[in-house]
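Colleague: Handing you a structure now.
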Amino acid sequence: MTLDKLQPGKKGYIVSVGGEGALRRRLLDLGLTPKTIVLVRKVAPLGDPIEIFLRGYELTLRREEAARIEVAEVH
Amino acid sequence: MGIDIALIGNPGCGLTTLFNQMTGGSVHTGHFSTPGNKTKEGPVKNHKDVNVIELPGTYSLSAYSIDDVATREILLRGKPDVIVNVIDATGFERNLYLTLQLMELELPMVLALNMMDEMENNQIDIDLQKLSQELTIPVIPIAASKNRGTHDLIHYALQAAREHHVPQKIDFCSGHVHTAIHTVSHLIAEDAKKAELPLRFCCTKIVEGDEPTLEALRLGDPELDIIDHLIEDMQNHLGTDRESAMADMRYAFIEKLCKKVLSRPVQSTKEHARSVRMDRILTHRIFAIPIFLCIMLLVFYFTFGSLGTWLSDLLSAGIDKCVEAISYALLGAGVNPAFHSLVIDGICAGVGSVLSFLPIIAVLFFFLSILEDSGYMPRVAFVMDKLLRKLGLSGRSIVPMLIGFGCSVPAIMATRSLPSKRDRSLTMALIPFMSCSAKLPIYAMFTAAFFTDHKALVMIGLYVTGIIVAIVCALAFKGTLFRGDPVPFVLVLPPYRIPAMKSVALRMWENVKGFIKKAFTVIFVATIVIWFLQSFDTGFNMVSSSDTSILADIGKIAAPIFAPLGFGDWRAATALITGMSAKEAVVSTLAVLTGAADGASLSAMLTQVFTPLSAFAFLVFCLLYMPCVATLATIRREMGGWRYAFGVMLFQCVVAWIVSFIVFHVGGLFL
């Protein structure tokens, strides 16, 4: 599944980061590397973007970007 | 020769706080801080010939935004004598990612572990000695907000600079990545030397696929061919691509390092937990937007409604007393009446009327600084992103826009953190519609004269008008001039922190100082020129009434343009012309032209020039028309040419004229 499909409060680990160019590199630089555990914290009041928690900090990104990140849910 | 210390770290790791502690708040321009650059430079307290440079915060040395490019260029080309890498210890993993890249620059380096007070508070121990050994650089624990460890840090930084203590090469890569880096290093050693770039940095960047590095090295085709083959080989073996492989290697190294030096993982500190709790309310599904609006309303209420106005009245009473005393002294000394008129009706009336608004501006910047330093601004970006996206922007644009309520110049410079040029230019074109603090004196003067019963309503009305016009323009631009794909929105939400009062006070003081300087330079000169032009006629005879003065002649030429808007009086036209230099000049000009000595008589005189409706149309025009010269110069600098700045200027004048026209005529139907 992709990160945007993960419900708030649910955890998953990153399988791969898709897309290309500067944005992809930024996501990798910020620590969204394979096997990293990510928690979906919440969704913004208007339904987009989403807030995630990884490596001890909070990051926000749009659903569109999250849809390029492949994750596997952790129960 | 002096020593240059460069401070670098992730955004929000406490760079500015540390900079202020090291310098005591004094800033000077030097060869690192060229104009139009957010880099700050200042002398280190109690150390002769030692400079500290604060570079814009960045997460990585791969160029993403203009700020990132600036930081990277200064590190590679400016070659500071020592790098102080500031790390937020509570965000250990992500912060160290930058450290690993900085270590490749072959520059002397020390690591400043900031927020150590929070770490102690949470009983997380860091084995500093082990960390220092593993990274081969000195590690100094500090708490910048409490000024702990600053002294030691300066000591170790200077030592590293003098001994030229460069970090040793550590191998964070293994296997195929290691082989690739190793091979590349043999291949490009000569080229890196020729380009005066650090070899290790170039190697990892090339394996990563960093375009700017490839360009800077000017490699020949055979070398490029070999590199391509190498990378392809590496990718095939790893089953992943080059960028992902490098990031993965760095983070894997950091994770291992964390296990070695941390007593327990920094997953959640008390401060972080508090931050999450605060966000439950502040970015709540339903309450987030109302809370944001309430906060902004409160800020404006304190600025204009109570605190600011009260202080302003106090100051203006004081200024009136001073002017009286000066007038009395001049008369007593028996000076020439023309000189008396210049000092009292010209300089005192003009500069004094502007200066009395100083407290309002100080209060506004106080609140804006608190909002910025507390970590609330990124939350606003998070909450508002979807709305701004409808306007063709992203949530990131909200921060410069909110700063725009203070002053357009820092607001335009704040757009440097936006990653796309399209977003930057559009945000810049809209910022001047966010009514800046320099326009406040104009509103305050007119509401005192015409709308005493509806002061707050008129003020809010003006701010809202500005925002609405910005929205309409953004929508119009989205489908025409600024067509393009929406840019990605990726933003770190830092934990909430109590703003360091020293930083807030310094930022407030910087802006207040700028305002005072402006009052005594631009406004001062403008009032003298205006006084001269309105006191003499074209034959250089002193006139008894300004109606026959040179200024009246000029104003009368421009006046017909504004007649359809309800304020065809030459004095209004003149005020608008002088207002181009600085918005406060509108106030000082009207004060000089109406010959009003104090606030009360100015109100009375204004009612002779304007009706309430035309006064409001005039205010709307002031709100929207071309930004001041300083703003235009900033836009020119940021966009690299006058064309865009003139475009913005023309566009805003036209918009101002149209909206004022509508206000005056539609308003006329109801009144």
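Just so it is clear, glycine is given a Cβ too, placed from its N, Cα and C backbone atoms.
Taken from TrEMBL, the feature domain 'FeoB-type G' applies to B:2-163. Residues or ranges marked as transmembrane segment in TrEMBL: B:286-305, B:351-371, B:391-414, B:426-451, B:457-477, B:515-533, B:609-632, B:644-666.
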Colleague: Between the transmembrane segment (B:609-632) and the transmembrane segment (B:426-451), are there at least three Cβ pairs closer than 8 Å, leaving out pairs fewer than 6 positions apart?
Modeller: yes
Colleague: Which stretch, B:351-371, B:391-414, B:515-533, B:644-666, tops the Cβ pairs under 8 Å count with the transmembrane segment (B:457-477)?
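Modeller: So the stretch in question is B:391-414.
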Colleague: Could you pull the average pLDDT for the domain 'FeoB-type G' (B:2-163)?
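Modeller: For the domain 'FeoB-type G' (B:2-163), the model's average pLDDT rounds to 89.
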Colleague: Cβ pairs under 8 Å only, please: of the recorded stretches B:286-305, B:351-371, B:391-414, B:426-451, which one is richest in them relative to the transmembrane segment (B:515-533)?
Modeller: B:351-371
Colleague: Can you tell me which parts of the same chain pack against the transmembrane segment (B:426-451), counting only residues 6+ beyond its ends and a CB-CB cutoff under 8 A?
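Modeller: Here the qualifying positions are 304, 309, 312, 353-354, 356-357, 360-361, 364-365, 392-393, 397, 400-402, 404-408, 411-412, 415, 418, 457-459, 462-463, 466-467, 469-470, 473-474, 477, 482, 515, 579, 582-584, 586-587, 590, 599, 602-604, 606-607, 610, 612, 615-616, 618-619, 622-624, 626-628, 631, 635, 638-639, 648, 651-652.
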